[in-house]
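Reviewing the structure listed below.
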Amino acid sequence: MVDTKPVVFFVLGGPGSGKGTQCAKMVDQYGFAHLSAGDLLREEVILLFHFISLIDQKQRDSGSETAQLINQYIVEGKIVPVEITCQLLKKGMEKKGWAEKRFLIDGFPRNQDNFDGWDRVMGDLVEVPFVLFFDADEETMINRIMERSKTSGRNDDNIESLKKRFDTFKKETMPIVDLFDSNGKTQKINALRTIDEVFEDVKKAFEPYL
């Protein structure tokens with residue numbers, strides 16, 4: 001029997017474009033497995049700090065440095081080194097079960113280095129049919145994030161971090177969207193509408209895989 005490769009769809013868009021919301025709906029209605037690169041990194045920081053007090057000094061120093069490094073990148077709106085992110089994504093896919101077959105990876109790849117690193121580690125293991133890109137203007141996304149910040153508890157949901165995240169997105173992530181688009185592998189979604197209206201277009205994009 002031939003072992004079918006898992007199918008991975010990258011989900012990209014600026015902060016507050018609705019990536020997580022739409023991914024959650026795909027999980028609920030169609031059983032896709034969803035991995036958020038940002039959430040995995042934030043969870044890794046929490047886990048590392050939690051276990052630091054339970055391990056020996058050498059491991060403690062190493063764990064603390066890694067946690068602080070990831071946290072610093074997140075707060076400053078920078079892109080975490082691809083080796084860390086790819087390792088967490090691969091681990092997350094294995095944890096959810098390789099046989100899930102259909103994965104939504106949200107917030108990755110964020111730049112050319114991310115893309116190249118993924119290709120080295122995962123390129124021969126999975127299929128990537130397209131990138132789902134949520135398109136929204138900056139003002140709308142800022143308003144959404146500031147509303148979310150009231151309850152999210154995220155240390156990067158503030159104006160200072162947000163400006164850095166938008167700058168990084170425009171300079172480093174949009175060229176990746178354009179790269180996929182030039183190869184006919186981008187599904188662009190107008191993310192300015194209601195959640196349900198956006199989801200109708202998302203479903204159409206995924207029709208061959210439902």
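Yeah, the Cβs are placed from backbone N, Cα and C, and that goes for glycine too.
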TrEMBL annotation, ATP site containing Gly16, Ser17, Gly18, Lys19, Gly20, Thr21, Arg148 - matching residue among Arg120, Arg193: Arg193
Rounded Cα separation (Å) that holds between Arg154 (ribonucleoside 5'-phosphate binding site) and Arg148 (ATP binding site): 9
Residue among the binding-site residues Gly16, Gly18, Gly20, Gly107, Pro109 whose Cβ has the most other Cβ atoms within 10 Å: Pro109
Outside the region 'LID' (147-157), six or more residues from its ends: residues with CB under 8 Å to it: 16, 42, 71, 74-75, 77, 165
Distance check against Gly20 (ATP binding site) for the binding-site residues Arg42, Ile79, Gly107, Asn114, keeping those with Cα within 10 Å: Gly107
For Thr21 (ATP binding site): intrachain residues, at least 6 apart, with Cβ closer than 8 Å: Ile195
Three-state secondary structure, Arg193 (ATP binding site) (per DSSP): coil
